[in-house]
Structures are given as structure tokens and as C-alpha cells.
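Trainee: So that we are looking at the same thing, I have put the structure below in C-alpha cells.
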Amino acid sequence: MDKLLERFLNYVSLDTQSKAGVRQVPSTEGQWKLLHLLKEQLEEMGLINVTLSEKGTLMATLPANVPGDIPAIGFISHVDTSPDCSGKNVNPQIVENYRGGDIALGIGDEVLSPVMFPVLHQLLGQTLITTDGKTLLGADDKAGIAEIMTALAVLQQKNIPHGDIRVAFTPDEEVGKGAKHFDVDAFDARWAYTVDGGGVGELEFENFNAASVNIKIVGNNVHPGTAKGVMVNALSLAARIHAEVPADESPEMTEGYEGFYHLASMKGTVERADMHYIIRDFDRKQFEARKRKMMEIAKKVGKGLHPDCYIELVIEDSYYNMREKVVEHPHILDIAQQAMRDCDIEPELKPIRGGTDGAQLSFMGLPCPNLFTGGYNYHGKHEFVTLEGMEKAVQVIVRIAELTAQRKS
């Protein structure tokens with residue numbers, strides 16, 4: 001398929017890791033490099049209205065090639081890779097005709113094993129693109145970028161009937177800022193799809209409601225030998241707080257539609273401790289109940305403390321479940337499912353145990369479910385993607401454009 005693998009390998013060669021806790025958007029210079037490269041490529045392909053905002057959102061339009069009042073649709077991917085694992089000097093391995101068993105990742109001890117990742121059993125005979133065991137791969141979401149770019153080329157070269165196709169590439173999705181500076185009005189699509197999913201057939205329109213909880217604990221430190229009745233150990237208070245959080249509602253104990261509390265970081269001394277939790281739940285009422293639970297725990301543990309010692313809790317909502325917005329427009333899912341079936345793929349509707357730019361965009365007036373990329377094991381050195389899965393994603397994008405052209409606004 002037209003330059004698909006070449007594009008992907010080109011994009012992952014650029015280090016575009018985003019960085020949390022940074023004010024500027026994009027948060028890293030590497031993202032600008034990929035955005036400028038993509039802008040140049042879009043212009044070379046002849047797309048119109050190619051714009052790159054000061055906040056790093058790249059937009060372009062492939063004009064309709066058929067007359068009529070056809071709804072404009074969009075496809076969106078993000079240029080950054082996760083801060084969780086290095087994205088510098090990515091050295092992909094190409095494993096053709098995978099025959100099963102362990103795949104050595106580079107020259108070290110790291111392997112990609114079907115024992116740990118049973119999905120490999122389903123991928124026999126396919127071409128796998130893996131890491132060398134030292135970095136992530138960047139299929140999340142450079143596979144999506146390569147697929148969108150290739151689909152644009154296919155639509156042009158084969159003169160497939162389509163309406164206006166908008167594309168956008170966003171920064172800082174992995175640190176939750178990807179959609180904050182997205183101009184929905186300028187994008188001017190009736191609906192869109194993020195291309196940021198996993199295995200072939202995945203179609204996602206439900207995601208977690210998400211919030212962050214930051215807890216500041218101020219204690220009182222004195223010499224341990226004279227501490228009775230005076231010392232207030234902030235670390236002990238932190239331990240008591242975590243002991244009150246339901247242990248069976250953590251990420252490692254939940255799946256499917258189950259929500260969780262996750263202690264993401266904790267640091268401190270006797271004098272001061274800080275805890276950072278994330279809260280996730282698909283159900284809005286349960287989500288609100290989880291936030292109340294954290295407030296109740298903080299009040300309980302902080303009861304009776306000396307006035308100079310205290311527990312401060314700040315809860316900030318991150319994003320909400322896009323289901324309530326997407327289901328108002330069922331044809332968006334119908335078209336995607338039909339496109340998959342037309343490409344001999346059985347759609348797999350499943351909840352996202354996470355979030356996407358599409359979740360925020362759906363609440364900004366742009367309904368935006370998520371399509372598969374063909375990638376697996378994101379955010380780590382065991383990440384990989386199949387070439388066949390990427391090719392299927394291109395076919396689905398093209399077919400969605402074609403099916404939409406058969407509709408009238």
C-alpha cells in the first residue's frame with residue numbers, strides 16, 4: 001500500500017515525547033518537527049486550507065471530488081508519544097511472516113512473548129513491527145498518522161468519490177492537552193474519527209469519566225525522642241488515607257466497565273507529603289460517588305489534627321464519557337461499522353479504559369468516536385503494530401469517506 005510502512009518508519013524516527021507539567025503547548029520541540037514535516041507533506045499532496053496554529057494543531061482539507069451536499073467529516077491523530085517510556089532513537093524491528101514464539105527485542109534480554117501477550121497467537125503469518133527493547137515504538141499514534149496520510153493518497157490516486165475530508169494532527173494528547181486548543185469551528189466537520197485505537201476491528205465510543213485528585217498533607221516534625229503528643233507524621237497520614245481507599249478497586253483489580261482509584265504517585269517526609277490519585281469510571285453517578293469518597297476519606301483522616309497541620313484535597317475533572325454525545329448521532333457508528341464489514345472486518349465495540357482527544361472534542365460539539373490502528377501494548381518497550389492491521393485501517397478510512405459520500409446532509 002502506497003508508502004504506508006515508509007511513512008510510519010519516518011514518523012517514529014522523530015522523538016515527539018510530550019512532557020507533563022509544562023505550560024507551553026506543544027510541550028516539547030520534537031512535536032513541532034513532526035508537525036512541520038506533516039504540513040509540508042500535506043501541501044505537497046495538494047490539500048487546501050493547510051494551517052498550523054501557534055498551539056501546534058495542524059489542519060488541512062482534501063476537497064470533495066463529487067457534487068452535492070455531502071457532510072464534511074474528519075480524521076484526527078496525535079503527534080506526541082507517551083512520557084512513560086523513552087521515544088528517543090526508536091529502532092524498529094520488522095518481523096515478516098511471524099511464526100509464533102518469542103521475538104527477541106534487540107540484543108538484550110527483552111522479548112515479546114505470547115505467554116505474556118497472548119494476542120500474538122492471533123497474528124501468525126503477519127508482519128510485526130516491534131521495538132528493540134530500549135524505547136517505545138510510537139504506534140500510538142504515529143500508526144494513526146501514517147494511516148490517515150496514506151488514506152488521503154489512496155483517495156486521490158484512485159479518484160474514489162468523497163466529500164470534503166478534514167484532517168487534523170494534534171499535540172500533547174498523552175498529557176491531556178491535545179483538544180484544549182482545538183478550534184472546532186475552524187475544523188468545520190460534521191463529525192470526525194480519531195485514529196488512535198488498538199487491534200483490528202476496535203470501534204470505541206465509550207471512555208472513562210476522569211478526574212485527578214491531588215492531596216497535600218502538612219505535618220509537624222520534631223526530634224523522635226521528644227515526639228510524643230507533638231509530632232504529626234505526614235507520611236503516616238498518607239498511609240492511613242491510602243488504607244481507606246478500596247483495595248479491590250484499583251487498576252490491577254478491574255477490567256471492562258469497572259472503574260478504579262489509582263495512586264499514581266506519593267512522596268514526602270514527616271513534615272510534608274503529597275499524593276496524586278486518578279479516578280476513573282464509565283458511569284457518571286459512580287464517578288461523582290468516587291470523588292465524594294475521596295473527600296470523605298480526607299475529612300476522616302484529618303479530623304482532630306492540630307490547627308497547624310492539615311490535609312488539603314483538590315479534585316479536577318479531566319474529561320467525560322463521550323457516549324452521551326456520540327449516541328445522539330447513531331449514523332456515525334453505523335457508517336464505521338459498515339465500512340469495517342465491507343473490508344471483511346467484524347466490528348468490536350468496546351469501552352476505552354482511558355481517554356482520547358475525541359472524548360473532549362465530542363463535548364466541544366464534534367462527535368468523535370475512535371478507530372483502530374492495528375497497534376498493541378502502547379506506552380512501553382513491548383509496543384508493536386502489524387503492517388496488515390495498518391493496511392486494514394487505511395481501507396476502513398477510505399471506505400468511511402466513500403460511504404459518507406453516498407449520504408446527503
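Using N, Cα and C of the backbone, Cβ positions are placed for all residues, glycine too.
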Trainee: Among GLU96, GLU174, GLU328, which residue shares the Zn(2+) 2 site with ASP140, HIS379 according to Swiss-Prot?
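Mentor: Given ASP140, HIS379 bind Zn(2+) 2 in Swiss-Prot, the matching entry from GLU96, GLU174, GLU328 is GLU174.
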Trainee: Select one of HIS78, HIS162, HIS223, HIS242: the residue that Swiss-Prot places in the Zn(2+) 1 site alongside ASP140, ASP196.
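Mentor: Swiss-Prot names HIS78 for this Zn(2+) 1 site.
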Trainee: Would you mind ranking the recorded positions ASP140, GLU173, GLU174, ASP196 by how many other Cβ atoms sit within 10 Å of each Cβ and giving me the lowest?
Mentor: GLU174
Trainee: Restricting to the recorded positions HIS78, ASP80, ASP140, GLU173, ASP196, which ones have a CA within 10 Å of the CA of HIS379 (Zn(2+) 2 binding site)?
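Mentor: The recorded positions passing the 10 Å Cα test are ASP140.
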Trainee: For HIS78 (Zn(2+) 1 binding site) and GLU173 (active site, proton acceptor), determine the Cα separation and express it in whole Å.
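Mentor: Per the Cα atoms, HIS78 (Zn(2+) 1 binding site) and GLU173 (active site, proton acceptor) stand 6 Å apart.
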Trainee: Using other CB atoms within 10 angstroms as the count, which residue among the binding-site residues HIS78, HIS379 scores least?
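Mentor: With the binding-site residues HIS78, HIS379, fewest surrounding Cβ atoms within 10 Å: HIS379.
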Trainee: Which whole-number value in Å describes the distance between the Cα atoms of ASP140 (Zn(2+) 1 binding site) and ASP80 (active site)?
Mentor: 8
Trainee: Tell me, in order along the sequence, which recorded positions from GLU173, GLU174, ASP196 have their CA within 10 Å of ASP80 (active site).
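Mentor: Close recorded positions: GLU173, GLU174.
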